[in-house]
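Below is one structure, written out as structure tokens, with a few remarks after it.
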Ligand SMILES: C[S@@+](CC[C@H](N)C(=O)[O-])C[C@H]1O[C@@H](n2cnc3c(N)ncnc32)[C@H](O)[C@@H]1O
């Protein structure tokens, strides 16, 4: 082994949790890790450098790593595109051989892994590392395989998060516990017939917030949906392509091709006032409005049984974004006992989050 490469690099053991998030939302992502850790009685500190697209929580006590992982499962985190447990920080990787010191650091940790993924953040500096991540992955995988670190049956996956050309965080997650997409970003292709790019928001929401079985059961041809704030029809397009009937409520114009599908009724009405005559399977809502007003509207529809499930966007142009989200979710919990809320800032969400609301009767 070329000893010099391992000797110049430093590996510092660190225990904690790392999440990838939208650049600019590191404070919110770190805030939710810190709040969950505090609620579980775990002491440590949050670290989030603005614009990095990464947030982490470092534990004071290494033995509480499993408890932190249990307290911060990825599906429950709103601002995290994915979440991993943190084991070590490796610095001063020599550019001529990054593989040897990384292999050494992984071996020091003494675990086996099912697979290795080399990742980078979705930020200006993170994206500059994408080529390195691609070229580093095959030789690192080969070295780990030869060293006997990779086993198909192992319970966890290894994530190497590049933080600079010469630095990385070693992380891991139980199989299936982190996002299945690199960087937590499903790669979706914009459908050329769709009327607006926001079609990808609903497509991503249906992919990330529902599992395969739920998509099969809850998105059936012939179902009925209402789309509040529908124009020009990006969200309606996603429902129509699944042969769902849509009442599209918006004063703005809808794409003519959607109206010609025979599945769309366009009503030029106020989305805060209009209600359907009969309950519908889905309410979707992308109106640009105060989040509390939208949350109260959705709560009223669900409480009155006007829709079975709801999927909606909360716009967050304010400073206290996490506080506003928590307030909206509390409002829904109070209005609809037993409601399940799945909330996430998706890749296609900008200053906003998407929420799936499932009352007990809808599950
Ligand atoms: C972000 S756009 C919706 C884009 C749409 N989801 C798509 O994929 O094409 C917001 C829409 O909300 C509509 N809107 C805002 N307030 C509304 C209200 N009170 N009632 C109905 N529509 C409203 C606007 O006219 C605008 O078309």
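If you go along the chain as it appears here, the first residue is 1 and each next one adds 1.
In case you wondered, yes, glycine gets a Cβ from its N, Cα and C as well.
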### Task
Among 250, 304, find me the residue TrEMBL lists at the same S-adenosyl-L-methionine site as 198, 231, 232, 233, 234, 270, 286.
250
### Message
Going by a 10 angstroms cut-off between Cβ atoms, which of the binding-site residues 232, 233, 234 has the sparsest surroundings?
### Response
232
### Task
Count up the helix, strand and coil residues in the domain 'RlmM ferredoxin-like' (18-81) according to DSSP, in that order.
27 helix, 14 strand, 23 coil
### Query
Between residue 232 (S-adenosyl-L-methionine binding site) and residue 315 (active site, proton acceptor), what is the CA-CA distance rounded to a whole number of Å?
18
### Task
Quick one: of 250, 270, 286, which of the binding-site residues has the smallest count of other CB atoms within 10 A?
270
### Summary
The answer for which recorded positions (250, 270, 315) have a CB under 6 A from ligand 1 is 250, 270
